[in-house]
Amino acid sequence: MSMSQSALIKEEISSVSFQFYTSDDVRKLSVKQIVEIESFDMLGGPVPGGLHDPALGPTGPAERCATCSLDFIECPGHFGHIELAIPCYNPVSFQTIFKLLKNKCFHCHHFKHGKPIINQFIEELTLLFKGDVVKARNLRERNVLLRGYEEKKKGKSNEEGEEVMESDESDSDKMDTDENKTNGKIICDGVFNAKEIYSGKATHIEDFKREVFKEFFGSFSGYAIPCGNCGAYSPRLRNGDASKSKLFIMPLHDKYATKNSAIKLPTNFSSVKEQTEHGTWFAPWEVLDNMKKLFENEKEILDMLLGHLVPIVTNKGGAKKNVGRQFTKESNVDSLFMRVFPVTPARYRPPNFVNGRRSEHPQNSHYKGMVKSNKMIRQSIDAGEGKAKFLVNSVCDLQMHVNNMYDNSKSNSNTNEVANGIKQILEKKEGLFRKHMMGKRVNYAARTVISPDISLETNEMGVPQYFAKTLTFPQPVTSFNYNQLAQAVINGPEQYPGANFIEDENGHLINLSKESQEKRIALSKTLLTSHPHAPRGVNKKVYRHLLSGDYVLANRQPTLHKPGIMGHRVKVLGKNEKTLRMHYSNCSTYNADFDGDEMNIHFPQSLLASAEIREICANNYQYLVPRNGAPLRGLIQDHILTGVLLTKRDTLFTKADFQAILYASCWSVNTKHPIVTPPPCILKPVPLWSGKQLISAALNQLTIGRAPLNLEAPSKIPTKMWGTKGLEITRDSHVIIRQNEMVAGILDKGHFGASSYGLVHTCYELYDPDVAGSLLTLLGRMFTNYLQSRGFTCGVDDLLMKNKEEKFRVETLKKANEEGYTVAAKFADLSKYDEQKARDFFSKALQSEREVARLDGLLKKGLNQYTSKVIDTLIPGGQQKPFPKNNFSLMTVSGAKGSVVNFSQVSCLLGQQELEGKRVPRMVSGKTLPSFQAYDASARAGGFVMDRFLTGVRPQDYFFHCMAGREGLIDTAVKTSRSGYLQRCLIKHLEGLSVQYDNTVRESDGSVIQFNYGEDSLEIGKTPYLTKFPIIAENYELFKSQFPMEQLIEQLKNQEVVEYNRSIKTQPELDPVMSKFNPSSDLGCVSESFMNQLNHYIESNPQKLIKTTSNRDGKINEKDFRNLMYLYYSRSMVSPGESVGLLCAQSIGEPSTQMTLNTFHLAGRGEANVTLGIPRLRELIMTATTKPITPLMEFQINDSTNKVETEKMAKYLEILKLSDIIKDITVQEYFQDTNRNYDIEIEFIPTLQQVLSLHRIKEKQLNKLFGEFNKVIKRQVKSQGKLKVNNGDIGLGSKVRGSDLVEDDSLTINDDDAPANDDTTNNDENTSQQQPSSQNKKSKSKVITQDDDSVAAKSKNKKKQNVNYEDGEEEAEEKDSDEGESEAEESDDKSDVDSDSDEISNSRSSNSFSDESIEFDQKKLTFTISVASDSKKVLMLGIVETEASKFVLKSCKGITRCFVNEKQVGGKTHYSIQSEGVNLSEIFELRDKLKIDEIYTNDIYAILQKYGVEACRQAVTSEISNVFAAYGISVDKRHLILLGDYMTFEGGYRALNRIGIENNTSPFQKMSFETTFSFLSKASLMGDYDTVTSPSSRIVLGQIVKNGTGSFTIVAPVK
């Protein structure tokens, strides 16, 4: 091994540019042309000129290279090449060629844009490449206006069929000269220096560049656009077979051929004289000729668009000289085509041996295909004209093989045997990028099962000796460690502690396992002697075994957040141990348990890495979780229980026991000082020590030489558990520690578990992390020792209840079962429950999901009261054994294990079983299980389990319970992958965000995302105690001892800040102090909220500790306290280099694994669905959707306490369908003459007039709507029977929404809202002028769809409704396909909506029906439909019911239903309206009736469109926060603010997916995310480059990431 790990690196890659190899490049690279199809001859030797020619390098260990004469290990391999018989398209750039051809003129071979417009684009791009994005954008805005003017002018002259007027020509000339002038000013000479190139890589520039490219290639690619230079019309091109990259040139349309011949220009642009209507094959060599001419004529703009960076070399005095770091952009037509194909070295295509027979590498098939096609083409060319068709096929075959080499997915072959292309090798998880270049596998790592060990310290890791002998560290030999390392060399690899290798000064390794004892002794003596030819200043190194005291990284997968990898101090275990050992307190950090989990350890190989692990990464420093700053480490289960038992009042010890426990816990702490036993707390009859004294003694031992601790904090166990008599302080529920003496309270999970503001957390903050770690170790040992003598168990008597409470339980549960019948009667509108009537009602009503949900809601609400009543009465008051004697109760209350839910399931009842948030579903028969009756209304039949585990669960109830359990298991399995991908998207986008030395948060390209991290520059882990002023004031001396206070104040004091803070008090309108000064260097420059809280504390002075004018007895001077808090703020600031982007991604990704997957949750009063959990996070973050699954708004009317008016407004905004006002439908069928007649009678609900007045629909409009409905029915009958309907014509009118026919002005809807549910009208009068009927129907048949179940439930039909699910889906599909509706149609809609109903009735009169056809009064509507008697019979009732459930009488676009919610504010009930669907424009129209400044909506895109990007940013933050809050998960707002800032940084709403990463400036980062091949192709085509600043790109190139400790370099002083 000649290369040493410590070899000095003299150069590193600072940037990488991407481009294609040209034919000349490939020829220079190649050592051999491949011409033979066969690779091996009959004897198995390589064929010269074949794919395994010896010149390409050896393929096996026994061979030597014919080119460089090196063996298999040393030879890197050499490229070959295949000369293609004809030029082929580069598969990557085929689409670009197609775009260029569409934009070029086939007559003058320029772009069709014309010179002035081309110059505009050149100007914009030059400014952009210089990095001046502001000037470029301003120029672009001006140019876009100019371009619009030019196009209009052109369009006019073309329409009139006239030549362009002379004046216009002179205008354009003048403009051209103007452009050239500015051109000269801006463009200079197309030379860019390295600084400009770096500054040209920014997110906004990438975004702008994409805009320009899109416009350039999109604006003139149309077929009917004449050339801006010569006025010629060019033919249309057709893109043929994708696998063979074929192009066809279509004949010129007669109209344009005439125009061309009029100005004496050609009309046939193909080499073939007779063209078919399908077009002529456009041969690649013809395309190449065309492209060459284009690249010659349009060099300047093409260099900008497709050029790659080329260093400028001058040729002074005959010698080539590189000019500084200057570059120019050059494009090359050769990069779009392939004349030569490179062949990879033979070592990368080794033959496979199966059963002794050699088979070639799959990739060879692509090369062979090319060689074969080459030969065919040459033969066809030699044969002449007769083989033309044969030639075309061979050319296509050659192109296909070239394409397959790049990407085999486009192959025509149906078999899966096509070898992988380059795309398949690079992409996906197993591809080159993600599996290899991003770094996955490492050396010096070990993995085995983990097991707990209580005698280890919390920061230690027990490592088996087997691992310790294999993992080594390269220790440089010095005079200080010579003896130790010499002994290690003598011991050798087998005897521990020994060494495995010695590395000499030249980097050569000596393997000690092959050396004898004598040789090892001899080698040990030469460790300090240096070789005469060795480089100076280099020591020998001994690869010694892993020793106790070394630091390793430990990791458990999945590593969801930063503490998933932590540093541990090694404790090497005995010979026979086989598992890794660790302390219990690390379990919650790694999310580990000991049921077979495995973990990895990594041994760092440099002293620098070891130092970072010890000082930054060590697990004592990972006490707080970055997600919200809460503690993560703590003692668990048995320890928590023992903590309660040890510190409660009646626990007393003799001197021997006390000292035994105290020594067992403190033997390793401050070992230079004796352990002091305090005086006993009880002297007579015998001296006894309490458990609280053990804690006091341990604290005294731990804090020797430091100020003692003062603490007051509540315990987790509630006060009521200790009884209700006496003072609260006598009930041990509040811990009080004074000067290290524990005087009251008990220690439980709240103090040494993973809980905030407890004893351990306070020690972590007031002393240091190592003290907190030692305290956890000490308490763990203490509790274990006590538990060994005390013991703990749990018996059946812990679970029993008193007789009185048992009776209460039985009676309450009887009532609960009857509650099912009560609710059912109420639901069915019966005065009392009648089984038959209820069953009939339920059999119809429960067909609708909406009604099932309503019944579930009512029953759950009723039954929950009974469940709560039973549990509250029985626990803890009804237990036979009271707390704390009751061990089961002790477990659940102290937080050791289990909860009240577990206790209640054992002793009270199991309660309501739910599946996906609903009660147990019914089968088709109406039963929940075969053992219950159909539509049984009892609570038990619906899954309410009244049994408990103590006395047994009946089979039916057990089955329900198992159903609910199974759902949880499936949920866990499914959500893992969903949340995993979500976290990956977050990580790849946010990885480059870090804090800089000016306190800003920047992307790796230097773009500023935030000016202060989280708006206050504070680190989340340092903020928990920042505003806990009482604790800091009580421990003032202890806290003060952490800082060299006077010295720091002197350094950081700034009088200007003091003055500014004073003036803010009197002038609150001034800017915050943080916007004027630097918080990291100016004392007192703190956030507004911190300043306000500090001022409030000092003014109120609750503990009277601060010395003020009103309180002279205080201990602490106000000025000193203020300065201390300012220093604390400075110390709590986020460190420069912190990877806040990664922390944000982990803090959102990690808790998402705890969410359940169930999508819907009932919001508000329990009727409107909202998406929650991972699906909601995905639509907010990953897709940044413009149409959320469940959009909703919430708003109030001006008088929000008025329930009646609120309900009226809710009704007014709701959609009203015909089925909502129908009571009954009857159809009579009879024959008359030669017709079959259907008399249809629709009976309306009695409250029709009230409904119509609420929705503001007039009778005149209703008549019109019924006429429309009649037409809809006829059209349905016609389509079902495919027959002619006799009564009058059927108009082409489609489904109609009522808002088209309602005259109320307030329902004028603007179309600038997100088109969530776009409904459009169809005017029958206009059908003759519109497109053919089929197209018309397609483009104008959008109806607000709603799940049909709800419609069925709301209509009061006596007949069973025929709900058709497929219809809903089809409509949804149709809606999607119609998204690109033209603006003209939209403006039509507006005029339709706004028009007066009288005009509508006039406009429709030409096609309306006579009064005999429809009869309508207040109670019913009748009409007749006639069809020919020989026609197929149709189910008329079904048609009418289905169409009535779809026919919209009135709607407010986007809003389907509204609910009224109520909440109590200041003793008053306030009502708000919650709508399903969002339409902000409509709400704005009603601003005189609604509180317009108090609208809430969860549709972020609608907020962006209406309120702008700042509101959008706030909405993103609050919506994500709401998703987590629903699951009780807290994520610090700083993470959410950062994510909101990142997503809205570009001024829009950016998705965290592959579309959102498009504007990222690092091609490597994009490639390592997704669609590697696509991003690589784009980078090569555009001549992109990577400045190697993003973490991904640095990892790809094997460099240290520039975040954290990599964000600076350490320079040694040179003396």
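Including glycine, each Cβ sits where the backbone N, Cα and C put it.
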May I ask you to indicate which of 240-252, 682-694, 955-967, 1540-1552 is given in Swiss-Prot as region 'Bridging helix'? 955-967
Integer Cα-Cα distance in angstrom, C68 (Zn(2+) binding site) to D595 (Mg(2+) binding site): 57
Which one of these binding-site residues has the most other Cβ atoms within 10 Å of its own Cβ: C65, C68? C65
Return the member of C65, C75, H78 nearest to D593 (Mg(2+) binding site) in space, with distance defined Cα to Cα and candidates limited to these binding-site residues. C75
Could you say which of the binding-site residues D593, D595, D597 has its Cβ with the most other Cβ atoms inside 10 Å? D597
Below 8 Å Cβ to Cβ and six or more residues apart, same chain only. Which residues does that give for C75 (Zn(2+) binding site)? G57, P58, R64, C65, C68, R347
D595 (Mg(2+) binding site) to H78 (Zn(2+) binding site) - Cα separation in whole Å: 53
Rounded to an integer, what is the Cα-Cα distance in Å between D597 (Mg(2+) binding site) and H78 (Zn(2+) binding site)? 47
Counting only residues outside C65, C68, C75, H78 in the same chain, those with C-beta within 8 angstroms of the Zn(2+) site's C-beta centroid are G57, P58, A66, T67, S69, L70, P76, G77
With the Mg(2+) site defined by D593, D595, D597, which remaining residues of that chain have Cβ atoms positioned within 8 Å of the Cβ centroid? I450, A592, F594, G596
Including all protein chains shown, what's the count of other C-beta atoms within 10 A of the C-beta of H78 (Zn(2+) binding site)? 22
